[in-house]
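A.B. asks: The following feature annotations were taken from TrEMBL:
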BINDING   Asn108, His113, Glu118  oxalate binding site
BINDING   His111, His113, Glu118, His159  Mn(2+) binding site
DISULFID  Cys32-Cys49  disulfide bond
DOMAIN    63-213  domain 'Cupin type-1'
SIGNAL    1-22  signal peptide
Amino acid sequence: MKGVQFLVAFVVLALASSFASASDPSPLQDFCVAIDDYKSGVFVNGKFCKDPKHATADDFFYSGLNIPQNTSNPVGSTVTPVNVAQIPGLNTLGVSLVRIDYAPYGQNAPHTHPRASEILFVQEGTLYVGFVTSNPDNKLFTKVLNKGDVFVFPIGLIHFQFNVGKTNAVAFAGLSSQNPGVITIANTVFGSDPPINPDFLARAFQLDQKVVKSLQAKFWWDNN
């Protein structure tokens, strides 16, 4: 009898554990609106899969990440992504990679990745990096990284990199999503299309409305 009771208790605990760990799959794009007529659908959460019999080595390959990129732009940096758009074989694998080139005093402006944590490796140069925790603490974690150093940016948190050296810098970063997404804070707030109501932004940022309109009139550079 005790054996039966133990078995029942074990099964109940196993079922409870499975329900506790169950969750919806993480989104792989900004949104995916439900539709009843599948023939009218244009996208899925991720990518459609190729028949494995038709896969080739090129589906898992990318070349050229060793090539320095042009950083002659307003922010002085360029991000070269290697995600599912560049390597189809990354679909469903939950990883991607970027190369970031920085001019002297170039920056990767404050931004966030809604779908990924990031681990950054400095190959050349000196970078001042950091991230800010969520409300209410908004604690800043920063570090000056040199060649060979590594730093982690937790998923969803605003972070940045700034080349504080007098020479070019190069970094590589791994991200925990095939399509991590990027939201550059200034571009999103002041460069949205259509623009956010300047009266609202003036109060939200405690700025004069003229300053807000001036910021909205700027061309916000996307280095990705």
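Just so you know, glycine gets a Cβ as well, placed from its N, Cα and C.
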A.B. asks: For His113 (oxalate binding site), find which of the recorded positions Cys32, Cys49, His159 come within 10 Å, Cα to Cα.
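C.D. replies: Of Cys32, Cys49, His159, within range: His159.
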A.B. asks: Taking only C-alpha atoms and a 10 A limit, tell me which of Cys32, Cys49, His159 are near Asn108 (oxalate binding site). These are the recorded positions.
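C.D. replies: The recorded positions passing the 10 Å Cα test are His159.
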A.B. asks: What are the other residues, in sequence order, whose C-beta lies within 8 angstroms of the center of the C-beta atoms of Asn108, His113, Glu118 at the oxalate site?
C.D. replies: Val98, His111, Thr112, Ala116, Leu120, Phe153, His159, Ala173, Leu175, Pro180, Val182
A.B. asks: Can you tell me how far the Cα of Cys49 (disulfide bond) sits from the Cα of Glu118 (oxalate binding site), in Å?
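C.D. replies: Cα to Cα, Cys49 (disulfide bond) and Glu118 (oxalate binding site) are separated by 26 Å.
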A.B. asks: Can you name every residue in this chain, apart from His111, His113, Glu118, His159, with its Cβ inside 8 Å of the center of the Cβ atoms of the recorded Mn(2+) site?
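C.D. replies: Once His111, His113, Glu118, His159 are set aside, the remaining close residues are Thr112, Ala116, Phe131, Phe153, Leu157, Ile158, Pro180, Val182.
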A.B. asks: Please work out the mean pLDDT for the residues of the domain 'Cupin type-1' (63-213).
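C.D. replies: Mean pLDDT across the domain 'Cupin type-1' (63-213) comes out at 97.
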A.B. asks: Tell me which of the recorded positions Cys32, His111, His159 ends up closest to Glu118 (oxalate binding site) in space, Cα to Cα.
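C.D. replies: In terms of Cα distance, Glu118 (oxalate binding site) lies closest to His159.
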A.B. asks: Fill in the CA-CA distance, Cys32 (disulfide bond) to His159 (Mn(2+) binding site), as an integer in Å.
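C.D. replies: Just about 26 Å between their Cα atoms.
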A.B. asks: Within 10 angstroms of the C-beta of His113 (oxalate binding site), what count of other C-beta atoms is obtained when all protein chains are considered?
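C.D. replies: I count 23 other Cβ atoms within 10 Å of it.
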A.B. asks: Are there residues of the same chain, six or more positions away from His111 (Mn(2+) binding site), whose CB falls under 8 angstroms from its CB, and which are they?
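C.D. replies: Residues satisfying the criterion: Ile158, His159, Phe160, Val182, Ile183, Thr184, Ile185.
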A.B. asks: With every protein chain in view, how many other Cβ atoms are within 10 Å of the Cβ of Asn108 (oxalate binding site)?
C.D. replies: 28
